[in-house]
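Record features, source Swiss-Prot:
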- 210-239: compositional bias 'Low complexity' (COMPBIAS)
- 252-264: compositional bias 'Acidic residues' (COMPBIAS)
- 280-289: compositional bias 'Low complexity' (COMPBIAS)
- 336-348: compositional bias 'Polar residues' (COMPBIAS)
- 355-407: domain 'bHLH' (DOMAIN)
- Thr58: O-linked glycosylation site (CARBOHYD)
- Ser6: phosphoserine (MOD_RES)
- Ser62: phosphoserine (MOD_RES)
- Ser71: phosphoserine (MOD_RES)
- Ser82: phosphoserine (MOD_RES)
- Ser162: phosphoserine (MOD_RES)
- Lys276: N6-acetyllysine (MOD_RES)
- Ser294: phosphoserine (MOD_RES)
- Ser315: phosphoserine (MOD_RES)
- Lys324: N6-acetyllysine (MOD_RES)
- Ser330: phosphoserine (MOD_RES)
- Ser349: phosphoserine (MOD_RES)
- Lys372: N6-acetyllysine (MOD_RES)
- 414-435: region 'Leucine-zipper' (REGION)
- 101-109: motif '9aaTAD' (MOTIF)
Amino acid sequence: MPLNVSFASRNYDLDYDSVQPYFYCDEEENFYHQQQQSELQPPAPSEDIWKKFELLPTPPLSPSRRSGLCSPSYVAAFASFSPRDDDDGGGGSFSSADQLEMVTELLGGDMVNQSFICDPDDETFIKNIIIQDCMWSGFSAAAKLVSEKLASYQAARKDGGSRSPARGHSACSTSSLYLQDLSAAASECIDPSVVFPYPLNDSSSPKPCASPDSTAFSPSSDSLLSSAASSPRASPEPLVLHEETPPTTSSDSEEEQEDEEEIDVVSVEKRQPPAKRSESGSPSAGSHSKPPHSPLVLKRCHVSTHQHNYAAPPSTRKDYPPTKRAKLDSGRVLKQISNNRKCASPRSSDTEENDKRRTHNVLERQRRNELKRSFFALRDQIPELENNEKAPKVVILKKATAYILAIQAEEQKLISEKDLLRKRREQLKHKLEQLRNSCA
């Protein structure tokens, strides 16, 4: 049966409304072509409102970067999906228009992120990741679309069986003509060394960045293209999904956006299995002049965008500035260090505390005994409480105060009497002297 490129009818215009706008300024577009063909239900009122006001799409879209599709791995992948001849038992062949439709379906337009199916050796792979608008959450849906297309193509390829090298070479040449026009956008890419001073991939040996004009087709890519077209074994392994990391789905990305406020991005890493290395090191691999083609492994990584949800209520949690937070952390560390120093010798500290408590108890007992004896002595000096052994301390203090005041008053009275008596004595002495002088 011939290779069927068409998929189930899905309204991708509604699924990818963040990527494709509903209308263009000063241009009449058929926005509801599926509705006119199948006479489905009328469009949503939101779409009529957008069409009524004819607003420009915001935010603006980024320029399309399709130079990554010209990599040898992608050309080899397309060569593996080439149609069969009538004599191979396939049931028919495709014309040039069908091949063009296949390429258009495989490319997927702006709905497919080109960083999924490009070769990591190509310099435009890094540029695609840098320039692609990841804030509109188009990666998860694009990854799902690519996985569905590749699964259908691989199923059709397995049903088709083996293909002739001549037919694969013609398909590669045709696809290279279609893909060569896409390399013009590579000159408009930004050099990743300007944006990221450090390398983005985990390769041990850094590779010098090539000029944007030379990233479309290099001599190494031409040799890989010719070898991929001539060798029938190079076609079945252009793109391999890692077993530990399943392809990203839209539900997974939505959950991770709600929990971690991060967007999933699929990065391509080049890995060579040990079986391939053993085959390349064996002498039987001398017949093949090219090195074994390394599979592409899709892995998931997280790119933090730090998006702010303006619709959410203001948080009541107080965020400290970095300097104040550093001071608080340093204070906590110092407090922990002081506590550790205090608890360095627990036995010695316990003995010291027991000794201090014992001496304190002894001194407190002595103080209480002295105070009790003082109250007893004061009670004995008061005539009213002299024989009252159960007199409280308050009564002792009050009676002692009254007794002291009475004694002070009596003292003042006695002092005044003493002064009068002294004066009387002086007068009597003076009178005695006068009498002695008169008698003489």
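Yeah, the Cβs are placed from backbone N, Cα and C, and that goes for glycine too.
Ser349 (phosphoserine) sits 35 Å from Lys372 (N6-acetyllysine), taking the C-alpha atoms as the reference points.
Using DSSP to sort the residues of the domain 'bHLH' (355-407) gives these counts of helix, strand and coil: 42 helix, 0 strand, 11 coil.
In the three-state DSSP scheme, Ser349 (phosphoserine) falls into the helix class. Other C-beta atoms found within 10 angstroms of the C-beta of Lys372 (N6-acetyllysine) number 11, with every protein chain shown included. For the region 'Leucine-zipper' (414-435), the number of residues in each DSSP class (helix H, G, I; strand E, B; coil) is 22 helix, 0 strand, 0 coil.
A mean pLDDT of 95 is what the model gives for the region 'Leucine-zipper' (414-435). The Cβ of Ser349 (phosphoserine) has 12 neighbouring Cβ atoms from other residues within 10 Å, across all protein chains displayed.
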